[in-house]
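Pulled from TrEMBL, these are the features on record:
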TRANSMEM  12-32  transmembrane segment
TRANSMEM  44-63  transmembrane segment
DOMAIN    69-312  domain 'Cytochrome c assembly protein'
TRANSMEM  75-92  transmembrane segment
TRANSMEM  104-123  transmembrane segment
TRANSMEM  143-166  transmembrane segment
TRANSMEM  222-245  transmembrane segment
TRANSMEM  260-275  transmembrane segment
TRANSMEM  287-311  transmembrane segment
């Protein structure tokens with residue numbers, strides 16, 4: 001009883017902090033004055049929320065007798081914990097820019113969804129199904145969720161890189177088109193004057209262009225390293241899952257929908273690492289592959305559970321609500 005009460009308290013505190021952080025983020029988005037202090041307050045709020053999620057996981061672990069990864073609700077809580085951990089690591093590395101915005105938003109979204117009450121039907125603890133009563137539960141599911149969280153964060157950074165690069169190229173293309181038109185349809189003297197003005201404008205924004213270049217390099221640097229870490233977690237998770245499947249069902253691989261999409265996810269990010277390392281280092285081609293992988297991960301993690309198909313259907317909405 002005391003553990004259940006403590007769980008409800010931590011859940012409500014976490015949700016309250018998430019709502020407060022969202023409000024602060026919206027204020028800092030539309031207001032320019034005092035943005036630094038408000039932003040620091042939201043970061044501290046995320047750290048407190050991380051502590052509450054940690055306490056929630058530990059509480060369920062104690063009174064359930066196993067690590068809380070047996071259903072969709074518990075895996076979402078652990079996923080939000082992983083997002084928060086990645087965000088805190090980047091925060092203490094003093095990367096207070098778009099990187100923190102992306103990782104912080106990921107943590108806020110998953111924590112808010114998991115603790116909002118939308119999944120109340122699967123909040124209640126229950127006895128593990130026989131297939132989950134194994135020592136491989138902690139190893140396999142933990143590695144998979146850590147892999148999902150890392151790959152999602154890295155993919156979001158790649159999406160931001162693609163957007164910024166595309167906008168930068170479009171601006172350069174627009175300026176080049178303007179110069180070509182001027183050279184054909186305007187007199188030579190007027191053209192030279194406008195070209196001089198354009199060069200002055202370009203030099204005026206040189207600081208902004210430098211900042212964008214630095215941001216693109218940071219996005220590429222961190223997305224590659226976070227995705228590499230997530231790929232390692234995913235590989236370990238798939239291999240440990242295959243060993244567990246052989247013990248539980250007598251076969252290493254059954255082409256279950258979850259297994260199939262996990263393999264597709266692994267292939268997509270293997271292509272990303274190959275492209276990023278060997279073919280086009282620091283290019284947008286690999287970032288486009290990672291952006292596609294972002295959608296694939298959500299299909300693998302969330303879409304399959306919504307359908308409730310296959311051997312991994314114990315974590316779906318349908319079966320847990322019966």
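A Cβ is built for glycine as well, from the same backbone N, Cα and C atoms used for every other residue.
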Inquiry  = Please compute the mean pLDDT of the model over the domain 'Cytochrome c assembly protein' (69-312).
reply    = 76
Ask   = the transmembrane segment (143-166): which same-chain residues, six or more beyond its ends, come within Cβ distance under 8 Å?
value = 69, 75, 78-79, 82-83, 86, 98-99, 102-103, 106, 212, 215-216, 219-220, 222-227, 229-238, 240-241, 262, 265, 269, 284, 286-288, 290-291, 293-294, 297-298, 300-301
Query = When you scan the chain for residues with a C-beta under 8 Å from the transmembrane segment (75-92), skipping those not six or more beyond its ends, what do you find?
reply = 43, 46-47, 49-50, 53-54, 56-57, 68-69, 99-100, 103-104, 106-107, 110-111, 113-115, 119, 141-142, 145-146, 148-150, 152-153, 222, 226, 301, 315
